[in-house]
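Some features that TrEMBL has for this protein:
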type     : residues  : note
TRANSMEM : B:26-47   : transmembrane segment
TRANSMEM : B:53-73   : transmembrane segment
TRANSMEM : B:94-120  : transmembrane segment
TRANSMEM : B:132-154 : transmembrane segment
TRANSMEM : B:161-179 : transmembrane segment
TRANSMEM : B:199-220 : transmembrane segment
Amino acid sequence: MQSGERIHSMDNLRALAMLAGVVFHAALAYSPLMHPIWPAADAGRSVVVDALAWFLHMFRMPLFFVVAGYFAALLVARRGMAGLFRNRCARVLLPLLLFLPLVVASMEWLTAHAAATVAHPSPALAWIRSYIDAHGALPSMPGWAHLWFLFYLLLFTVLVWVASALELRRIGAWIASLPPLALALATPVLLAPALAGTGVPWPAPEFFVPSLWALAFFGAYFALGYQAFQRGDLLDRLRPLSPLLLGGAIAAYAALFWLTDGFANARTASSSQHLLHALLEACAGFWMILWCLLAGRRWLDRRSAAMRWLADASYWTYLVHLPLLFAIQYRLLDLPLHWMAKFALSTAVTLALSFASYQLLVRHTPIGRLLNGKRAIPQSPRDVAKAA
Amino acid sequence: MNWLASDAAMVRKLVVKDWQVYRKQLAGYVAGLLFALGLVGMGSPLLSAAGGLLLLVLLIVVGTFAIGSLIMAERKEQTQPFVMSLPVTPMDVFWGKLLANLAIYLVPFLLVTGGMLALILGTPSPDGAVPWVLLIALFVLVNFVVSLCVAIAVDSDGWNAFAMLALMTLIGPFIYWVTWMDGIREHLQGDVIVWSPQVLWLIGGELAVIGIAILAAGWVHARKTSFL
């Protein structure tokens, strides 16, 4: 591999994690669990959606943070701490500042328009309609919307510097050097207290002040990715556990889904039950992520023009997908179609519009350079790691 | 009397040196600040109050420790004779110490103050509290700058400790005083940000104290013909 060449497995995993977000957000409109609170919630809903979508939720964003941690370590090795900060300012802070107002404004406009025009509104949309009638404006909902992950990425960049200054590297290295089975069993136990500090399933930490549980939970995954770069043998040592990890993740999630009656009883659980639910969430998510990393190495670690294009398009797609999705799903609320047709239609049209806009408006423009950077000079990450 | 540094590049090196010396402690405080913000972000009233208090305590402690380790400890550890061996004037050292400490303090200060203001402006909580928060934040900054200037100008550990403690004990009474002051009290729970004459006078007073403290410490150093 040439110096500077992309790490295909991680690039592709990041792309898939981000694109899975489109599917997940599209599914929320047909989720019984989200029906009372999701503005685009459709009358047609199925427990199947909850079973599948929330499983995706258990590992989708944590996986993204593992990949982000991996690339942060790569950047520090290649360009140093100052280089990491410069890169994060250009690729994360600037897009956040540019796109957040646009995303929030467009979603508010779409929601206000839907509240005024949809004949069969969701419970949340009906409430928003009555709120607008009473107050003349939408309720104030400050936060990062679905771009919260960019905010947390910035915080973790600061924490990379903190960990470096305090020389905490040895702690991560010690945890990463644990025997594979011990690592796979102990980490969910360490993650469970963070998840116990919030609801089940864990909500998106969209509030613009960071939440402690989210800092600890996603921070641990970011640190895992950082260690995965620094200790190239970490995933190799876990490889024999691959089938167990997949089976364990599915079993833990199934137990969680069954114990909470499809998450319907999660809010009324006792403290000990809540802790057990958090532990099962942590097991399902962590084991699934390890399996994804191993599967990524096995099946996605190769050059592919299509995957490369998807990897480049995924950032833009994730930034713009939610307003597009809302625009489509608000229109679908009044159509007499089966929920599966609406789900498929909204997902496909959102992805098609996002990809088309990326190719036509972004890829070869300054926005594309802002999001994905210039084409890198090839360089091997393993060589860089050795040099570091 | 020359108020200017003789060598800007050397002042920059002194600032970088202090930044490097204080890097570990600053990293610890940044972690502490994020922890405190995380407590505020958990949403429960108890954790939010604990997080808010921790933010205030850390903001005071970060300044105290910066002054303690970058100025007072240097005198004890005989770092000053080493600095005297460099081609620097007393004013170079003054500007180096002032700028290094201000840079170190302003990172967490702006983070906390900006975060508090964003919290008030971005949530349904009453926006009328903005001037009150700004007054208290500036008062904490005044405390730091005055303590810093005393530490730069006065060699006595006793007087420095006295100045820091005396200023710290004023924070509680100041918060009480401005909370019940006419022109502030009646707007605290309102949705409109009111810059009453009392608020503007207090802000002006706080900025003036900062300016006077820096000028006084600079005057003491400018009169020096040698380090001793």
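Along the chain as shown, residues are numbered 1 onward.
Backbone N, Cα and C atoms are what each Cβ position is placed from, and that goes for glycine too.
Just so you know, TrEMBL annotations are computer predictions that nobody has curated.
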Should anything in the same chain at least six residues away from the transmembrane segment (B:26-47) have a Cβ under 8 Å from its Cβ atoms, list it; otherwise answer none. 54-55, 58, 61-62, 65, 104, 107-108, 111-112, 115, 119
Ranking B:53-73, B:94-120, B:161-179, B:199-220 by the number of C-beta pairs under 8 Å to the transmembrane segment (B:132-154), which range is first? B:199-220
Contact count check, CB pairs under 8 angstroms to the transmembrane segment (B:161-179), set B:53-73, B:94-120, B:199-220; argmax is B:53-73
